Structures are given as C-alpha cells and as structure tokens.
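A short write-up of the structure that comes next.
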Amino acid sequence: MVRPKHQPGGLCLLLLLLCQFMEDRSAQAGNCWLRQAKNGRCQVLYKTELSKEECCSTGRLSTSWTEEDVNDNTLFKWMIFNGGAPNCIPCKETCENVDCGPGKKCRMNKKNKPRCVCAPDCSNITWKGPVCGLDGKTYRNECALLKARCKEQPELEVQYQGKCKKTCRDVFCPGSSTCVVDQTNNAYCVTCNRICPEPTSSEQYLCGNDGVTYSSACHLRKATCLLGRSIGLAYEGKCIKAKSCEDIQCTGGKKCLWDFKVGRGRCSLCDELCPESKSEEPVCASDNATYASECAMKEAACSSGVLLEVKHSGSCNSISEDTEEEEEDEDQDYSFPISSILEW
C-alpha cells in the first residue's frame with residue numbers, strides 16, 4: 001500500500017491566507033467615537049475594534065472614527081491629557097441621509113460641516129403673540145419657546161397665552177387647569193388634584209399660614225390650588241392657639257417669625273445669605289420700609305423675629321396707593337417652595 005506524500009504547500013497556503021485575513025482585519029479595525037470636538041479630535045469613546053463601516057452605520061451625525069488600533073493606556077492619555085484622539089474622521093461629511101430627530105434639521109455650518117440645528121415646525125401655530133412658559137419666562141411667541149425647548153429644556157411647555165403675569169387676572173388656563181399665584185407672586189396654570197388619601201398618621205398634619213389645619217401636604221396643595229394663590233406652610237402638626245413664638249416648635253433648622261397682623265407664628269428658613277449684587281430690585285415691605293432686596297427683607301425679619309412680607313417691588317414711595325391695595329392680599333411665604341405647589 002502506497003501512502004500519499006505529505007504536501008507542505010497546502011499548509012503554507014492556508015497560513016498565508018490566515019495572515020492576510022489578520023492583516024486586513026487589523027487594518028480595518030479602529031475605534032468608534034460619539035463626537036468630534038472643535039479641536040478636531042475624537043471624544044467620548046463608544047467602542048473599540050470596529051471598522052469604519054460598522055462605526056458609521058449608527059447614523060449619528062456626530063459619530064467619528066479613528067483608524068489606529070491602540071492599547072488602553074494610549075486611549076486614556078488621549079482622552080485625559082490630549083483633549084481626544086488624533087486623526088479623527090467624521091462619519092458624515094454632508095447632510096445627506098442625516099436624521100437629526102424631531103424639531104431639528106441638518107445644515108452646513110460656516111466651516112462647511114454638517115450640524116443639527118433647532119428648526120421646529122411652527123406652521124400650525126395660530127397664536128402669534130407672546131406666551132408664558134412653564135419656567136415662568138415670557139417668550140415672544142410659541143415658536144421661540146419651541147426653540148428654547150429644543151436647545152436646553154425638553155420639558156418646557158406653554159402654560160398660557162400672553163406675557164407671564166403676577167396675578168391670575170386675565171389669565172386663561174387651557175383645559176381643566178386652574179390659575180394659581182405662588183408665594184413669589186407669579187401666576188401658574190396647574191391641575192388641581194381633587195382626591196387626597198386619608199392620613200394614616202398624626203405626623204402628616206400641617207398648619208397652614210391661614211391658621212387652618214390640613215390633614216396632609218396633599219390637602220394643603222389642593223386647598224392652594226382651589227383658592228388660586230399660595231397658602232403656605234406655617235409649621236408641622238395641628239394648628240395651636242399660640243400666644244407667641246415660644247409656643248411653636250420649629251423643625252428642620254427653621255425659626256419662628258411672629259405675624260402681628262393675624263397674631264400667628266410661622267416657621268421660616270433663616271440661613272439664606274444675601275448675594276452682594278447691585279442688580280437686585282428693592283422691595284417695599286409690610287412694615288412700610290424699603291429694603292435693598294427681598295433677601296435683605298427676609299434677613300431683617302429673621303433678625304427681629306417679626307414676619308415681613310413684600311407689599312410691592314420698588315421703593316415704598318414709588319407706587320400708587322391703588323396698586324398697593326391690589327397687591328395687599330398677596331401672601332408671602334419663606335418656606336413653601338414653588339415645586340411643592342406645582343407637584344400634584
């Protein structure tokens with residue numbers, strides 16, 4: 001029996017093909033990055049050992065690729081000390097087949113590079129006047145608000161048409177929402193929660209600034225919403241017939257301030273440091289004194305232990321008596337934040 005002779009040529013050919021494959025794979029493999037910085041370098045590593053085709057298949061405009069397949073130490077030095085990876089190749093050179101998502105369009109910038117910019121569809125907007133946003137700011141129109149939402153505030157919505165107001169007068173809230181004036185005298189449209197669970201503990205009772213005991217924070221918020229302006233929290237627990245602040249126990253580092261107008265005390269935060277800013281607007285307080293800012297007024301109240309409220313902005317001599325009467329009923333609260341009013 002004659003055995004076939006071993007042919008080394010076949011094994012060499014196999015090894016040659018394997019080496020060629022490894023070389024091709026090594027040449028194609030690189031690093032995929034999520035963005036190219038202004039300095040031209042790749043930043044935010046997405047994945048290693050990817051070909052350019054694999055990296056750029058994500059369709060993201062900012063995705064970039066580097067050909068060099070380097071070790072982890074080099075990658076670390078690039079990202080920490082060098083501002084990114086060199087020889088950065090952007091996946092997209094034009095706006096062709098670029099999907100920027102809703103409210104955005106791809107446009108070539110001055111450097112002839114594709115960029116996604118905010119371009120909301122405003123064709124169906126019927127109201128052309130100013131609108132008040134959920135952030136309490138007035139926008140010249142709804143389209144301007146949509147651009148602001150696209151850029152930095154994804155939760156921003158129109159709460160009512162017209163400029164943001166300090167009173168619920170002439171505010172028309174959409175749907176079933178109700179206008180509420182918060183403790184900073186800003187009007188907001190909120191939806192009143194008309195169903196509150198019954199309290200399960202006596203620790204849930206709260207005393208409002210109106211001298212009424214509420215079963216829980218939910219009941220206080222509900223009353224605030226239905227009333228249309230801030231009630232505010234005086235202190236935790238049921239309301240008591242206190243003769244002075246000595247009868248009231250404040251928690252959470254708060255201090256009791258006595259309201260001589262109604263003969264009640266309320267717990268207020270007194271650890272606020274007033275900034276040295278010349279841009280602060282002076283306020284006229286309930287003691288008919290003018291303070292450099294609302295913060296300065298609160299500081300004086302905490303120092304004296306007597307509650308002070310803002311009657312109006314500006315000097316006490318800079319506004320008519322009619323306007324004072326209109327704003328006299330607005331209740332000021334130091335310790336009941338706006339988020340507590342609006343979270344239903």
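Quick reminder: no glycine exception, Cβ is built from N, Cα and C everywhere.
Residues or ranges marked as compositional bias 'Acidic residues' by Swiss-Prot: 321-333.
Among the features that Swiss-Prot reports, domain 'Follistatin-like 1' is placed at 94-117. Secondary structure by DSSP for the domain 'Follistatin-like 1' (94-117): 0 helix, 9 strand, 15 coil.
Residues or ranges marked as domain 'Follistatin-like 2' in Swiss-Prot: 167-190.
Taking a C-beta cut-off of under 8 angstroms and a sequence separation of 6 or more, N124 (N-linked glycosylation site) has no same-chain neighbours. The annotation N-linked glycosylation site is assigned in Swiss-Prot to N124 (among others).
Look at N288 (N-linked glycosylation site): DSSP puts it in coil. Per Swiss-Prot, N-linked glycosylation site is recorded for N288 (among others), and the stated evidence type is experimental evidence.
Sequence annotations record features per position, and here Swiss-Prot assigns region 'Disordered' to 314-344.
Here Swiss-Prot flags 1-29 as signal peptide, drawing on experimental evidence.
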Residue counts (helix, strand, coil, in that order) that DSSP gives for the domain 'Follistatin-like 2' (167-190): 0 helix, 8 strand, 16 coil
